[in-house]
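**Q** Annotations per TrEMBL:
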DOMAIN    52-337  domain 'Plant heme peroxidase family profile'
SITE      Arg76  site 'Transition state stabilizer'
ACT_SITE  His80  active site, proton acceptor
BINDING   Asp81, Val84, Gly86, Asp88, Ser90, Glu102  Ca(2+) 1 binding site
DISULFID  Cys82-Cys87  disulfide bond
DISULFID  Cys134-Cys333  disulfide bond
BINDING   Pro176  substrate binding site
BINDING   His206  heme b binding site
BINDING   Thr207, Asp258, Thr260, Asp265  Ca(2+) 2 binding site
DISULFID  Cys213-Cys246  disulfide bond
Amino acid sequence: MFSNHQAETLASGRIQDLIGSRAVDLPRDISTRDIPYRIRGQGPRNDKHQLAPAIVKREVAKILHINPNLVGGFQRLQFHDCWVNGCDASLLIASTPNNQAEVDAFVNFELRAVAEIDQIKAAIEAECPNTVSCADIIALAARDATVFANGPYWPVDLGRRDSRRSVAMDADTNLPFPVFPFAVLVQNFAAKGFSAREMIVLSGSHTVGHTHCNGIGPNLYNYTGIDDLTNPNLDPAFAASLKQECPKFNRFNIVNMDSTPNTFDRQYYLKVLANQGDMITDDELIRGPDGSSIVEYLAQPGSTFFAEFADAMAKMSKLSPLLAPAGEIRATCQVIN
């Protein structure tokens, strides 16, 4: 785990090591169904693999009917997995006494939906064993959860393999922290081949789910690393209300990301425009060059937000996929075979 000094350094935003690989350059898939083993032209392994999308959709619906707030959790899994050495399900591997894995990285605080991915994996293994990777399940579940919440659909290319490696520091040196200013967010996304506009579009995922006070605290009590300084850009009444939900030093209280946390819509952008960003990174979207105008556009009914979000998520799901013969297909997603 991180020392107190390391944690304070990360929370203050003084992280410059933003590295990573770019998206694989693949032809755009304009079909309305998922393509097994489309990645790099691989053909379908067998007919049973065709069952995978339907099984994932069925299991995701079961899970979200019980807890619809997990939509954001499924989306976050794709982002936090693909951003670190590519889409290889390394995020799901459990830590061991000899290795702190990505799932326990500082930036992955209170990660959700990991157990649910294993639930989906078990259902797939029962019908088509040793066929579908955990990495493919993450990509399908992120899409299906978004659709469940009235969000957009996008085709998902299949054929990823699962990594045998997972190290917490890889996550903490690749993923953006909730204290990053606009320029550093742009730098972080550019390292993966994404534009500033795509960064703002993908931030729209915060229209579903909830977050914890761990990421909100610096916005209220340590803005720009100054103790007890509240972000002066915040609406004062909103800041006061948020402090009631997140008292100083509280890390675990839960705050909904917007007023419709189980529905994929544009409410998040309206909240940001009202100077009510929960985290520093939310507020920063309207502080950088052209950021405010992009957010204003995406917030409008009839904007291309849904289509742009679908395109960006599809692009993200192709970040450096691990392909055969590399890697493996795990029997259970949290344990290497």
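Any Cβ shown, glycine's included, is placed from N, Cα and C.
A TrEMBL annotation is a machine prediction, not a hand-curated record.
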**Q** Which residues, same chain and not among Thr207, Asp258, Thr260, Asp265, have a CB within 8 angstroms of the centroid of the CB atoms at the recorded Ca(2+) 2 site?
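**A** My list of surrounding residues reads Val208, Met257, Ser259, Pro261, Thr263, Phe264, Arg266, Gln267, Tyr268.
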**Q** Using a 10 Å radius around each Cβ and counting other Cβ atoms from all shown chains, which of the recorded positions Arg76, His206 yields the largest count?
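**A** Going through Arg76, His206 one by one, the largest Cβ count within 10 Å is at His206.
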**Q** Do you see any of the recorded positions His80, Cys82, Cys213, Asp258 whose C-alpha is within 10 Å of Glu102 (Ca(2+) 1 binding site), and which ones?
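**A** For Glu102 (Ca(2+) 1 binding site), the recorded positions whose Cα atoms are within 10 Å come to His80.
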**Q** Determine the mean pLDDT over the domain 'Plant heme peroxidase family profile' (52-337), rounding to the nearest whole number.
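**A** 97, rounded to a whole number.
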**Q** What is the number of other Cβ atoms found within 10 Å of the Cβ of Asp88 (Ca(2+) 1 binding site)?
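**A** Within a 10 Å radius of the Cβ of Asp88 (Ca(2+) 1 binding site) lie 29 other Cβ atoms.
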**Q** Cys333 (disulfide bond): which of the recorded positions His80, Ser90, Thr207 have a C-alpha within 10 angstroms of it?
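**A** Final answer, ordered: Ser90.
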**Q** How big is the gap, in Å, between the Cα of Cys246 (disulfide bond) and that of Thr260 (Ca(2+) 2 binding site), rounded to a whole number?
**A** 20
